[in-house]
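For reference, the structure is listed below as structure tokens.
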Amino acid sequence: MRFPKIRMRRLRKKKNIRKLVRSINVSKTDLLYPVFVKEGLKKKSEIKGLPNQYQYPLERLDELINKCEEAGLPAVLVFGIPESKDKIGSEAFNEEGIVQKALRYLNNNSDLGIFTDVCLCQYTSHGHCGVLDDTGLNNDKTLEILGKVAVSHANAGADFVSPSGMIDGQVKSIREKLDDAGYSGVGIMSYSAKYESNFYGPFRRAAESFPMQTGKEPTISGRSTYQMDYRARNQALREVALDVQEGADIVMVKPALPYLDVIRRVRETFDIPISAYQVSGEYSMIKKFEGESEEDILMETLFSIKRSGCDFIITYAALEVADLLMETS
Ligand code: PBG
């Protein structure tokens, strides 16, 4: 019996055929752009390690809005950097704090979707994502504060709040506080499967949020007592399941490229929007790539992240990708 010739290359024969059988697309409406607003800043300041990314003063947000709107980006994820920090991060829930002011400005002057990072690490003097006591990070005291932060963001016009501290019960607690305050229409995008990653360095410089080491027992080293250990395969799905159960509207996997397997498993398990965060170290690694194909490499990473099953990508490259897509579409 004759066996037919299998020629996979028939699918690759010419550009239009290749385009036809492509099943993954990255469009600018798949991109959520992280932005940094810093209190007391005089002019915008480029972030070391994150080329083309800036800390913005409140007074220059109009420029940022214009850029995003011209590029056709759908939404931003806002991070604030306060002038003063304390042990419990009280600036994070100050109604007149930097993020709250920025959110009001964005809400009044643009149609962009507004996501906000809900965490304490930029606001605490020790740089940890919650309040500390003799036992380390106090989970439930931190929950109380996160609820206040989320409500203050909702007051100022956030569409979605995004708890990023990996504090147990944060989605449930924030959902209840939002509902009690009359904000059942404000959503939660949870940083559900967030790893204690070495790829966050440039972000911590941008957000001024390096965690302090404590020498006394229990030693708090980095964020290993709250973020997931990347050497473990056995917690991500449970973290996501808990967040879904607690009422998250969107779940996130973070970082993205080194965790494509995790994105895939979450996709196969849950019918819920999934975002993936291409974090600061991933972006800076692409920027440091020697050779002229930086843009191609960037696109390849975004397609891979999309292919793994997420619905949209949080990336510092959002503005430049929107430009690239304009040129090549
Ligand atoms: C705050 C937070 C971090 C990032 C987003 N929100 C840093 C951290 O956990 O230290 C990292 C983003 C990036 O690296 O781009 N908890």
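Glycine is treated like the rest: Cβ placed from N, Cα and C.
Those TrEMBL annotations? Automatic predictions, nothing curated.
Binding site for Zn(2+) per TrEMBL: C119, C121, plus C129 from the candidate set C68, C129. Reduced to three states, the DSSP call for R204 (5-aminolevulinate 1 binding site) is helix.
With a cut-off of under 6 Å between the Cβ and any atom of ligand 1, the recorded positions K194, E239, K254, Y316 reduce to an empty set. When other Cβ atoms within 10 Å of the Cβ of Y316 (5-aminolevulinate 2 binding site) are tallied across all protein chains shown, the result is 26.
Proximity of K254 (active site, schiff-base intermediate with substrate) to non-local residues of its own chain (separation of 6 or more, Cβ distance below 8 Å) is seen for Y191, A193, K194, Y195, S197, A276, Y277, V279, given in sequence order. Y316 (5-aminolevulinate 2 binding site) falls outside any helix or strand according to DSSP and counts as coil.
Cβ atoms within 8 Å of the centroid of the Cβ atoms of C119, C121, C129 (the Zn(2+) site) belong to the same-chain residues L120, Q122, Y123, T124, H128, G130, S164, G165, S209, site residues excluded. The two recorded residues Y316 (5-aminolevulinate 2 binding site) and C129 (Zn(2+) binding site) have their Cα atoms spaced 22 Å from each other.
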